[in-house]
Amino acid sequence: MNNTKKDQYSSQSIKVLEGLSAVRKRPGMYIGSTDQKGLHHMIWEIIDNSVDEMMAGYGTTVKLTLKDNYLVEVEDDGRGIPVDIHEKTNKSTVETVLTILHAGGKFDSDTYSMSGGLHGVGASVVNALSSSFKVWVNRDYKIHYIEFKDGGVPLKPLEIIGTDSKKQGTRIQFVPDFSIMEQFEYDETIIADRIEQLAFLNKGIKFIFNDERTDKKTKQEWLYEGGIKQYVENLNASKEPIIPQIIYGEKKTKVTLPKRNLEVTMLLEVAFQYTNGYYNSTYSFCNNIHTNQGGTHEEGFKNALYKIINRYALEKKFIKETDGKISKEDLSEGLTAIISIKHSEPQYQGQTKDRLGNTEVREFTNSVVSELLERFFLENPEEAAKITAKAVSAMFSRKRSEAALESARKSPFESASLPGKLADCTTKDMEISELYIVEGDSAGGSAKSGRDRFYQAILPLRGKVLNVEKANHEKIFKNEEIRTLITAIGAGVNPEFSLDKIRYNKIIIMTDADVDGAHIRILLLTFFFRHMFPLIEKGHVYIAQPPLYRVSYNKQNKYIYSDAQLEEWKNQNPNVRYELQRYKGLGEMDDVQLWETTMDPEKRTLLKVSINDAANADKTFSLLMGDEVSPRRDFIEKNAKSVKNIDF
């Protein structure tokens, strides 16, 4: 990265807006929640500051270290937070940045032309929510140090504690304040996935993750010189591309927004490739933040594909005027794409930054991608024909499946439209209703008898669930079990899926605790992920946890849910005589047992299905359920030891 910039990063770059007191009162407003997700968000805030420094052209390496007792350390080799006295606070700029909300370089467009933070409050918020917060700044050949306690109270002003002529940058250590935050463990998988994503999105920056916690002791490094091209390559590792090339382009521009009298800088990168799959794997980002609801950058990208491929299809006689247009949905089939824009003045729709709203981005992206794809088609006619043929095939498949789709999208509350095998609940109150998807008629019969009919519905699956990863839309929507699921849930399928129409608040998958049951679970989850993604995204999908064993002793029964729990019980009761029954299937339990162990809200355990990284989940579903055997074997070998529940 270039370290010789004409602009100076000093106290003059730091703008001060307001104090910190609100953060401890309402932490959810600043980091989303106080649970495990909030704990991880605190890490992201500090890492994002370091990445912003790299994006501004200073430094090459960001290192995260987890230590025992919840201590987190983030270090970079950027310029270091300014250490001079700030004119408005009469304190060091380091202390100003870390104790005053909205005081940060992100508010000075000369300092950071593009950054992830909409408000620039990250470091001070983390300080406010930490019991201990320590900062070392290597700058101007000196080592500066300041320490805060109990939500941002400085122990003493910034001091010089040594010299170092070879090193520059910032090192921060913090421990969350568990009088505010809930005490969860840091999840190394979630952290590693996010850091790897940052490495893909910021080519040439090295990321290091050291987990030094007791019993962990791992080190991972990421450096992707190919950036988002390598991201697409990674996502397609278990897929079969129909063209060998990854289409890639980037462009930087400055535009003036007349209504705001403001000049903005935009840097766009796009990389995409078509595969022989049936699903859309498009992921968009603005300033490294995943915009999972899309926005103007995605709209511009799709508009460009729509314009160029439809024009090419007509010119080369792949379709006639009477066939109609290839839709944007058709063009998304088998597409893997990364759209990454860096913007100096991003405008998001909603507090969570999940949709980009800048109107100037739409035209900029459309223009760049149109020019890129048009040139690619001109220079690569064979690949252009394959891409177009894929889109045309998707169009005709869609048209053939429309009748099947229509029958699956009937009004959810018309009893005549509900499948005959569904034992529906009495209530029409979606907020309390539950749908149990049960494996087989035998278990379905016990579930129907044992349920609370008022709010629990039962849908037994008789046939084999289709692996939607390997099927086109026409085949999927002709499958009886799939049609039954769609009709029972009542909300349609992507892209018209509507959460407002779901008939049940909880969709609970209840299968046997064996290999076949696990296979049915993953088939159902694949369908929900590909065709009803908001169900998972908004937390409506659950996995029931039926017992593995029944221990009978002293004229009483105890239900046990794992081998580890069984061993624990044996160790605690070494002299007790008992009988042990292992449940091979749900059908071995009568209705009373099934209610007591698996369906009674007062006693049952449900696992909520959640997704932290949609792109990574996409890759995993493709790997596990796709055609490629070798990557699937590698994945299983790599992850087998970390699986807590597996039945061979």
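A Cβ is built for glycine as well, from the same backbone N, Cα and C atoms used for every other residue.
Annotated features, as they stand in Swiss-Prot:
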BINDING   Glu439, Asp512  Mg(2+) 1 binding site
BINDING   Asp512, Asp514  Mg(2+) 2 binding site
DOMAIN    433-547  domain 'Toprim'
SITE      Lys464  site 'Interaction with DNA'
SITE      Asn467  site 'Interaction with DNA'
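Overlay of Swiss-Prot annotations on the structure.
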residue : record                      : Cβ contacts under 8 Å, 6 or more apart
Glu439  : Mg(2+) 1 binding site       : Pro460, Leu461, Met510, Thr511, Asp512, Asp516, Gly517, Ile520, Leu586
Lys464  : site 'Interaction with DNA' : Glu481
Asn467  : site 'Interaction with DNA' : Leu523, Thr526, Met625
Practice task
Work through the binding-site residues one by one (Asp512, Asp514) and point out the residue whose CB has the fewest other CB atoms within 10 angstroms.
Solution key: Asp514
Fill in the blank from the handout: Mapped onto three states, the DSSP assignment of Asp512 (Mg(2+) 1 binding site) reads coil
Problem - Per DSSP, three-state class assigned to Glu439 (Mg(2+) 1 binding site) - result: strand
